[in-house]
Amino acid sequence: MNPYILAILLFGLGLGTTITFASSHWLLAWMGLEMNTLAIIPLMAQHHHPRAVEATTKYFLTQAAAAATLLFASVTNAWLTGQWEIQQITHPLPSTMITLALALKIGLAPLHAWLPEVLQGLDLTTGLILSTWQKLAPFALILQLQPSNSTLLIILGLTSALIGGWGGLNQTQLRKILAYSSIAHLGWMILVLQFSPSITLLTLLTYFIMTFSTFLVFKLNKSTNINTLAMSWTKAPALTALTPLILLSLGGLPPLTGFMPKWLILQELTKQGLAPTATLAALSALLSLYFYLRLSYAMTLTISPNNLTGSTPWRLPSTQLTYPLATTTAMTIGLLPLTPAISALLTF
């Protein structure tokens, strides 16, 4: 892609998110979300591959449906209450509709079906943008809405955590596994949103760091399924040794960074008297942990058979920058001891 066009599209992505962040009016927030969607569509379809075009079309249709619902709900709210302010949503009907529209935007279960299909059709770089940056703007709106729909948020959160764990179990494609991982993590964030927005933001930040690290590892190895992952030890032995730690951090095992948000969320849910919800969420984390362990096993404890169908790939030197990968990997593995300091910062 022409670097000037790429720069304009990335600027559009940033601008759309910033407009949504800065807006207190529903129409402006909707406009920011639309700019975001329109800026990423050429990035998704840039390879002109039938799968990429199919993924782009699916993404466009779901995002257009969510944006139309959001606009309809905000107009309904203005009609019922005379208010266009984001924080003045008082009527339950537009409030529920907006929550569901934003859930469809970010891919929360049961409105998640588009996310694995879309992510599977994209290259890893665009997939990374879709899994991280594209979640920011809708999340900012959900954060401002949160007091109004407590039961709906808990149902969405629990369903996402369970389906995100369940859906990834029988997958062999890495991008689909990462999509289900994204659904599960978003479920955890939504679960604690109304009780402690600061823990939700911390979970979002750690999810971004861990996902960034995972995508960069797969990109360096040029891996898109489990079989190619099993051949990665010939390319980067040191990275292959570290990757299970990144994956298990995504699964939330101590003493890795990913354990911190899960621990704080379970603690907060128990404080709020929601022990059954916390138990279900913890059990759903076990489902996710299974497929992370499966990836770790395939990567470090198996050697792929050297037959014609799975021949060892060329070991060409990678042109990918290693500093972002090194930084995010270090943060993914080692931030758990900072939990007391982070907790103290969150209480301010």
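Yeah, the Cβs are placed from backbone N, Cα and C, and that goes for glycine too.
Given the structure is predicted, the values throughout are model-derived calculations rather than measurements.
The range from 23-43, 128-148, 233-253 that TrEMBL describes as transmembrane segment is residues 233-253. Across the domain 'NADH dehydrogenase subunit 2 C-terminal' (289-342), the model assigns an average pLDDT of 82.
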